[in-house]
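Inspection log for the structure reproduced underneath, given as structure tokens.
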């Protein structure tokens, strides 16, 4: 039987890990929204973030290799292009569209719409047979879908263009996380460690997003006074600094998710994600001036109920499977 001191220490450690995750997850959402107010090049910002994540992942891999004295996995070109590329393209489009939407919509609408990704992850998990069909899943879908409808109903700050971008990002996010799960579960690839996965994904993500950046932002960025036509050094340094901070937050988010899951469980991350949505929405209303009616709040509660039910079902059936294995 565990002593009370060890239980308290474990609880404090878990709380600390969750707060560490919240700092990066909530922080990057508000930071990107703030940055988009004065820097209207979200795709270029995403490319800078990908470059920083790759560099920090490479440094982390070197540090881990020096510490463990074991070489890190490096995929060959054939495996890299055929097995990693689909995941990289889906991830790039998900992140790129999500950041792009900040030019048009509020954080509260972004948060709610992005939570619909659970529906698409569920759908693609069934398609790829990562999840068993269950009648309760129909209720999960209905709760999340109706909650999202209620949240957008008669919203005074609704923007159709931004909403479609986030909804499309959520759809692609469903493909992204399903493919990521498949990728990390393939033992022969050796990408179980998210740092290795991040390292291998970033270059292909950059190449996948670059054509979209050239078409939409290339000319505008080349003539902006914030970067290439800068007349003074200070604005240029300021732009580079703000972009670098966002990239560091993006890397920290991936690292904090890995740390939380490895030291606790994926269930803890899922439950923490639910409360993170609540915190994000409350902060958006309190500090960003987002406006929400009673119907919008009710829709948010209904949507969270669907997500909570999905998490509860996954916990129940995973425990049932463990019990059957032990029998």
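Note: Cβ is positioned from N, Cα and C throughout, glycine not excepted.
Listed features, source TrEMBL:
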type     : residues : note
DOMAIN   : 17-309   : domain 'Sugar phosphate transporter'
TRANSMEM : 12-32    : transmembrane segment
TRANSMEM : 38-59    : transmembrane segment
TRANSMEM : 103-128  : transmembrane segment
TRANSMEM : 135-153  : transmembrane segment
TRANSMEM : 159-179  : transmembrane segment
TRANSMEM : 199-216  : transmembrane segment
TRANSMEM : 236-255  : transmembrane segment
TRANSMEM : 267-288  : transmembrane segment
TRANSMEM : 294-313  : transmembrane segment
Within-chain partners of the transmembrane segment (236-255) [C-beta distance under 8 Å, separation at least 6 from its ends]: 21, 23-25, 27-28, 31-32, 35, 39, 45, 48-53, 56-57, 60, 194-195, 198, 226-227, 230
The transmembrane segment (135-153) versus listed stretches 38-59, 103-128, 159-179, 294-313: most Cβ pairs under 8 Å: 294-313
Stretch of maximal Cβ-Cβ contact with the transmembrane segment (159-179) [cut-off: under 8 Å; candidates 38-59, 103-128, 199-216, 294-313]: 103-128
Positions whose Cβ lies under 8 angstroms from the transmembrane segment (103-128), at least six residues beyond its ends: 29-30, 33, 36, 40, 42, 137, 140-141, 144-145, 147-148, 151-152, 155, 157-159, 161-163, 165-167, 169-171, 173-175, 177-178, 181-182, 277, 280-281, 283-285, 288, 290, 292, 296, 299-300, 303-304, 306-307, 310
Tertiary contacts of the transmembrane segment (199-216), as residues 6+ beyond its ends and Cβ separation under 8 Å: 43-44, 46-47, 50-51, 53-54, 57-58, 61, 75, 80, 84-85, 87-89, 91-93, 95-96, 191
Average model confidence [pLDDT] within the domain 'Sugar phosphate transporter' (17-309): 82
